[in-house]
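Colleague: Features from Swiss-Prot:
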- H109: active site (ACT_SITE)
- Y26, G27, S28, Q29, R49, S52, S54, D84, T85, S86, Q87, G135: NADP(+) binding site (BINDING)
- D192, E196: Mg(2+) 1 binding site (BINDING)
- D192, E228, E232: Mg(2+) 2 binding site (BINDING)
- S253: substrate binding site (BINDING)
- 1-183: domain 'KARI N-terminal Rossmann' (DOMAIN)
- 184-329: domain 'KARI C-terminal knotted' (DOMAIN)
Amino acid sequence: MAIETLYDSDADLTIIQGRKVAIIGYGSQGHAHAMNLRDSGVEVAIGLREGSKSREKAEEAGFKVLTNAEAAKWADVIMLLAPDTSQAAIFTEDIEPNLEDGNALFFGHGLNIHFGLIKPAENITIGMVAPKGPGHLVRRQFVDGKGVPCLIATEQDPKGEGRELTLSYAAAIGGARAGVIPTTFKDETETDLFGEQAVLCGGVEYLIMNGFEVLTEAGYEPEMAYFEVCHELKLIVDLIVEGGIKNMNYSCSDTAEFGGYLSGPRVIDASVKERMKDVLTDIQDGTFVKRLVANVEGGNKELEDLRAKVNSHPIEQTGSQLRDLMSWVKNPLDATA
């Protein structure tokens with residue numbers, strides 16, 4: 001059965017246009033949501049913590065900038081787009097004391113609601129609007145008259161308006177131009193975390209590093225190893241994004257395609273799939289989130305230790321040197337770039 005997909009013709013933009021929306025956070029997604037909502041005729045204010053470096057950017061863009069608490073008190077709909085690990089504290093300290101009956105609290109990701117780290121009162125609508133693309137793409141597509149597909153969900157709906165309100169919001173940021181897919185907080189959260197951990201971040205990251213180690217330990221030059229197991233990955237991913245795995249195989253040489261069919265299952269075999277299932281179980285039963293919370297409460301020490309270990313891997317030095325040769329590659333970690 002085809003998944004339900006909603007478009008502009010299904011949405012009532014006047015619903016969100018009749019609300020005051022506070023965007024908490026002015027990062028990649030916060031900036032895009034705020035700009036698109038404003039361009040769609042919605043009254044928007046930005047909520048930021050005292051001393052935030054984003055205040056000047058938001059003010060230069062012409063937004064009313066308030067503290068998180070002031071924004072929560074002012075708004076009818078509050079979209080919490082701060083980092084996952086900061087959201088519970090922001091909610092407890094700034095948002096919860098200022099919520100009123102009938103307010104709506106929205107999220108761009110379901111983690112804090114699904115795992116009970118944030119528990120709004122029963123008279124608050126809890127919704128999610130999650131564009132499936134980075135903020136700069138959400139904004140650029142909107143300006144071009146297009147949009148990025150969005151997921152929407154409602155976890156708590158005391159007034160029976162959650163679906164219409166989230167759909168209206170999604171339409172206002174351009175999502176309904178491309179397609180809006182209703183889901184649940186549970187499904188969005190668990191699939192998102194699994195994708196990040198088993199494939200997109202954890203899986204690919206360690207596949208690259210292990211491939212680099214195999215080649216260099218066999219005596220090949222680090223530069224050659226980097227080109228073959230890391231640099232060319234973007235070419236492959238772009239082909240998959242554009243037309244699926246079939247398109248990638250079609251676009252590769254017969255040698256690469258044949259070798260991939262033979263060796264892929266040797267590297268990613270049934271035992272890997274079983275361990276991926278273990279990762280999913282840890283997500284579903286809350287094991288991962290408990291460790292995430294413990295890390296935050298411990299001052300991010302475990303995260304910093306893990307980050308330092310990966311950042312010291314030899315592939316990082318090799319990659320940095322080679323990227324200096326590539327005029328078309330911009331290093332986002334280089335503030336002068």
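Glycine too: its Cβ is placed from the backbone N, Cα and C atoms.
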Colleague: Test of understanding: give the count of other CB atoms lying within 10 angstroms of the CB of Q87 (NADP(+) binding site).
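Modeller: There are 22 of them.
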Colleague: What residues, ordered by sequence, lie under 8 A Cβ-to-Cβ from T85 (NADP(+) binding site) and sit at least six positions away in the same chain?
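Modeller: Counting only residues 6 or more apart in sequence, the Cβ neighbours of T85 (NADP(+) binding site) under 8 Å are L292, V296.
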Colleague: Looking only at C-alpha atoms, tell me how far S28 (NADP(+) binding site) is from H109 (active site), rounded to the nearest Å.
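Modeller: About 14 Å separate the Cα atoms of these two residues.
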Colleague: Return the count of C-beta atoms lying within 10 angstroms of the C-beta of S28 (NADP(+) binding site), excluding that atom itself.
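Modeller: Other Cβ atoms found within 10 Å: 15.
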Colleague: Let's see if you can do this one: DSSP helix, strand and coil counts over the domain 'KARI C-terminal knotted' (184-329), in that order.
Modeller: 122 helix, 0 strand, 24 coil
Colleague: Secondary structure at T85 (NADP(+) binding site) (DSSP, helix/strand/coil)?
Modeller: helix
Colleague: Counting Cβ neighbours within 10 Å across all chains shown, tell me which of the binding-site residues D192, E196, E228, E232 comes out on top.
Modeller: D192
Colleague: Which one of these recorded positions, R49, H109, has the sparsest Cβ neighbourhood, judged by other Cβ atoms within 10 angstroms?
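Modeller: It is R49 that, of the recorded positions R49, H109, has the fewest other Cβ atoms within 10 Å.
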Colleague: Counting all other Cβ atoms within 10 Å across every protein chain shown, which of the binding-site residues S54, S253 scores highest?
Modeller: S54
Colleague: Take the Cβ of Y26 (NADP(+) binding site) and count every other Cβ within 10 Å, whichever protein chain it belongs to.
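Modeller: Step by step: centre on the Cβ of Y26 (NADP(+) binding site), count other Cβ atoms within 10 Å, giving 25.
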Colleague: Given the recorded positions H109, D192, E196, E228, S253, find the one whose Cα is closest in space to the Cα of S54 (NADP(+) binding site).
Modeller: H109
Colleague: Check the Cα-Cα distances from D192 (Mg(2+) 1 binding site) to the binding-site residues R49, E228, E232 and tell me which is shortest.
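Modeller: Sorting the binding-site residues by distance from D192 (Mg(2+) 1 binding site), the top entry is E232.
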Colleague: Pop the Cα-Cα gap between S253 (substrate binding site) and Y26 (NADP(+) binding site) into the table, whole Å please.
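Modeller: Y26 (NADP(+) binding site) and S253 (substrate binding site) have their Cα atoms 44 Å apart.
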Colleague: Taking just the CA atoms, what is the gap between R49 (NADP(+) binding site) and H109 (active site) in Å?
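Modeller: Rounded to the nearest whole number, the Cα-Cα distance is 20 Å.
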